[in-house]
Every structure is written in structure tokens, then in C-alpha cells.
Amino acid sequence: MASALCRTASRLRPVQILRRLRASSDLLSSPSPPCISDHGDISLPRSLVTLSGGIERFKMDQRRLLSTSASDATSKPSSGESETKSSGENEKSGGSEGSGGGSDEKSERTSGKNARGAPVSWMSFFLLFATGAGLVYYYDREKKRHIEDINTNSKAVKEGPSAGKAAIGGPFSLIRDDGKRITEKDLMGKWTILYFGFTHCPDICPDELIKLAAAIDKIKEKSGVDVVPVFISVDPERDTVQQVHEYVKEFHPKLIGLTGTPEEIKSVARSYRVYYMKTEEEDSDYLVDHSIVMYLMSPEMNFVKFYGKNHDVDSLTDGVVKELRQYRK
């Protein structure tokens, strides 16, 4: 609006200047004699003075016109420059907006990168938790399976002898203390406890036979089962049938004594994994070193369990009763 008013004023100024020029030309065209003052001096008429003033004004107006036209000429490119500047500013603002958008995109990208590149996220935490739970479950299951395998194997080993697969025991043929020959089949149908020793044993054999005799009676009281005690000599050279008969009757009336030839004793000792050997020999007096073990045999004459010297009467009784109850199941 201001630029339009300036342009209108610049257009009206030449018109006013032309009007002034016309008025000054009219004054020049009208004749007027020079005026003489009272002192005899010739004075210029007022029209000339007016003309000279008009000429001065004309020059001033011309200068103004030139200056106005120059200002108009300069104002146009300045306006163009201002427009270009404004457009440039708009472009810059647009660029700044674009850059702002770019910065927003960059910020979004960086935020996305920060979200994806974070050290711990919910998804990674969940995966870690699931993996840990899976490992714990797998380890616990494998541990239980391993324990079950151990228990199964131990039961299989324990139940093996009762199924007749033990390496202890076997067929034999010996002479009973009453002079009759018997085999392992004659002992079938009843539970049997076998003990290997010799009648000239100074201390160990008597102690073990006393313990066996006491346990036999207690087993009967607790379980109601009659267990047959059997004594097998490992000194066939001195332990005759009569010697064995007199010896076994000193411990228990149900105790059966067996003897035989050296070959027969050697065979039965090998079948039951019994060690024996003469230790000292002076004339006819010697000792026999042998295994101190009692063997519990099932009614099928299969090996069930053995009991060493460390068992007393009570532990021997409880151990045998336990095996009898498990066998019934």
C-alpha cells in the first residue's frame, strides 16, 4: 500500500511542474517595462524576479523528479530483491522445515536404533527367562531319569540272585552226619542257611554256629518260618561222618552236618566261592584258614544274600526276616 502511494505521488509531480512552467512562460510573454526607482536605478520588474524564482523552483523540481525516478528504479529491484529474499527465506524456512522433518526422521531412526540396540529389552529378557526355565526343566528331568535308572539297576542286581542268576551256588553231592548221601535237591522246599567250617576250629567256628543257632529260633518266632541250618566241613581229612555228627549236635538239634571226600569238598567250596587252606601242620594238628560267611538260600536253593562276621544275632535275624517277607510279596 505504501509503495502504491509513492508511485502515485511521483506521477503527479511532473504534472505540477509543467503547470508551473506554463505559468512562468505566460509571465515572460507579457511585456512590462523596466521600473526606475526614485534614485535613478533601474529595477527589474517583478515578473522577472518571479521568473527567476520559477526557474530555481524548476531546477529544484527537476532534481526532485530525477531523484524520485531514481528512487523508483531502485525501489523496484529492491522490491524484487525483497521478494527474492522473502522467497529465499521461505525456501530456507521450507528447508528448515524439511531439515526439521529430516531431524524428526533422524530422531525417529535414532530412537528406533536405540530401541533395537538397547542392551536389555522385554523380548530379550523373555527369551532369556524361557531359555533358563527350559534348561532347569531339562536338567531336573535328566536328574530324575538318572536316579530312576540307578534305582532300577540296583533293584535288578538285588533281585537277580532270587531269580536264580547268581554266580554263587550250584549242585553238590555230600554225606550227611547220619551217613546218608544228599544233594542240593534234598534241601529244596525250605529256606536254608549254609556255613563252611571245621570241627577242630578253636574259636571262630563255635562262635558263628552259636550265633546261627540263636538266630534260627528268633527267625521262627518273628516270621513263623523254619529255616534249616547246614554246616559243611572244609577239613574232610579229619572231619568224618561221626566227628561231624557229634559236633553239630552241640549247637542245635536242627543243624545238619555235611562232609565228603577232598574232591567233593573242593567242588562245593568252588561253587559257593569259599576260600579255605591249611595254615600250620605239626604231626596231625593243623588249622584251616577259611571264609567266615553265611549264605541264605531260597526254597529253590538259589542264592539270596550273605552275612559276614560283623553281624550279630539281632542283625542276622532282622536281615533274614526282611528277605523272607520280600520273597512272599
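Using the three backbone atoms N, Cα and C, a Cβ is placed for every residue, glycine included.
The shown structure was predicted, so the numbers you read here are calculated from the model rather than taken from an experiment.
TrEMBL lists 65-74 with the feature compositional bias 'Polar residues'. Positions annotated as region 'Disordered' by TrEMBL: 65-116. Annotated compositional bias 'Basic and acidic residues' per TrEMBL: 82-94, in sequence order. Among the features that TrEMBL reports, transmembrane segment is placed at 120-139. If you look up TrEMBL, you'll see 161-326 marked as domain 'Thioredoxin'. Taken from TrEMBL, the feature Cu cation binding site covers Cys201, Cys205, His290. Residues or ranges marked as disulfide bond by TrEMBL: Cys201-Cys205.
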| remark: Using a 10 Å radius on the Cβ of His290 (Cu cation binding site), the other Cβ atoms enclosed count 20
| said: Just to be sure I understand the packing, how many Cβ atoms besides its own are within 10 Å of the Cβ of Cys205 (Cu cation binding site)? | reply: 23
| task | Other than Cys201, Cys205, His290, which residues of the same chain sit close to Cu cation? List them in sequence order, counting a residue when its Cβ is within 8 Å of the Cβ centroid of the site. | result | Phe196, Gly197, Phe198, Ile204, Glu208, Val234, Val288, Ile292
| Residues that sit under 8 angstroms from Cys201 (Cu cation binding site) by C-beta distance, when 6+ apart in the chain | Leu287, Val288
| Mean of pLDDT values spanning the domain 'Thioredoxin' (161-326) | 92
